[in-house]
């Protein structure tokens, strides 16, 4: 290296990380954000005569091209938009400020310096750095103006994913852990494992300046369906050859498992797992992202905006249609501008990594603009018809008496897409974002949007979208060919807890003055959150006589002994009652039940301070009247524990309360989430979490 002998290259790591909001990454690498200057100092062994002959080269990807290789000098900005300026020097030390453009390709870069001395060119690699999207930079497509939102959607490494039922919404804690060791490397490896990258690495890397492109690739790579992606989905049978999706508490364990097993898909995930992992990877790369839960979510396979469900006379679901309505479905939203669609569609974009339908030949979904969905613009990229149907489809239930005879017993335009939820900025409370997806149910604007979507999808409907008489609150009113002469509802007598019997009452009301005999077929099944039945628990047949406008109550019990073997890995039950009248329409009454968690309490015994151990005490109760053996208490939390902690709980007597203590060692300040999970083969997991404020040392 003739003209210039460089001793040490100082990447000003602390200074740059603070300025670029990357101090939280557990990595020794230089991590920077695009569109923002960074500083670098070179310690020299010789003095320098002239600056005119300095050329910088920043390159990324396997075969750097025009888009992925930037050549720039101190005097002029390169064609690529990169530039360098020299700062005041100290003796034998050169200080430079380098600026990347706000639309630079993201990824791992190599920085080289070339010096021309006479007719000899000598070059030196100054080192490597990682360049990320920059929500703090107004010229970046992912720019987010509000600092509190940036703290939440980019820098918060824990969160809440809402689950349960529309009438019983529950909070589940999730450890995103985007700053934990290896997670940035893994996120970049995910991009390099994609089909696009394998087909044409140069084109793939040059497209990585676009959040539309990067987020779509991640939505395909988080599921394992096409390219040995991160998580393998499973919605039926047992999970013996992997982990029950309900057991995961965060993304870090999953991502590390995939990486350490040389990219073998991790078994198993369901929708919230795909969404949790997607959120981790996108926040890690610098794209503002949140997790969304849609209650009563339609999976409309044929995209005719109608979800048809068929049952037989006993209330058994018949698999005559591939459509379904899930109790909830979880996806993501990321924040960026849509240069491909126009500025009206900027803002939150839906991404769904759960493998449900193919898009352009592979299992991926999004980004679909929430504005496009609200306006019914289902012709716009990407996959907006699928998301529109998930929040807007009509719901129709049929009873099938024979191959030739079926009866429409229920039709509802208001059931789908309820309480669309996400975690609030700065707190764990729930924010309802339904209004971002659709106009108020039943409003003129909502009808117009629905008709526009039908037209764009080329769906012909007999008649208008059915208006439904509003039923009396809580009573199930069918909308068949003829109005039914009875109404009914199923009610729980008490909040059901695992290990105890479940008490229910079916109330039937005669709506006419004639005497009627009703045949009631009651059925209870263990179900997945997709409402897919896993096992039958109970069947009852009753005949009820109702006098003129009479109301009768039928009480019944689901015994713990009847459901215990069906609810070892979950706690959801669907009860259906098919009520048949000799002359006239049948009535279907349904009730979803989620058994309550037995209590688990977490106490932090003392102040939490960075780099000082603190004890945590967890108390939990065996909810069963049986002895329980071989339980494991698991704990995890970003910034609190390096790896997941496991403690064996040998034996618990019936209804016994146990206490376990363990130590955590906080390594990052601020608000942290500690999650605890009691895993046992006798009942589904008991989970809890606590938020703690870690003070600086």
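Backbone N, Cα and C atoms are what each Cβ position is placed from, and that goes for glycine too.
For reference, TrEMBL has these:
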DOMAIN    263-355  domain 'Transglutaminase-like'
ACT_SITE  271  active site
ACT_SITE  329  active site
ACT_SITE  352  active site
BINDING   392, 394, 441, 446  Ca(2+) binding site
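Feature map: annotations from TrEMBL on the structure.
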residue : record              : CB count, 10 Å
271     : active site         : 26
329     : active site         : 25
352     : active site         : 30
392     : Ca(2+) binding site : 23
394     : Ca(2+) binding site : 22
441     : Ca(2+) binding site : 15
446     : Ca(2+) binding site : 19
What subset of the recorded positions 271, 392, 394, 441, 446 lies within 10 angstroms of residue 329 (active site) at the C-alpha level? 271
Around residue 271 (active site), which of the listed recorded positions (352, 394, 446) come within 10 Å, judging by Cα atoms? 352
Length of the line joining the Cα atoms of residue 352 (active site) and residue 394 (Ca(2+) binding site), in Å: 21
Averaged pLDDT score, the domain 'Transglutaminase-like' (263-355): 95
Which numbers of helix, strand and coil residues does DSSP report for the domain 'Transglutaminase-like' (263-355)? 18 helix, 41 strand, 34 coil
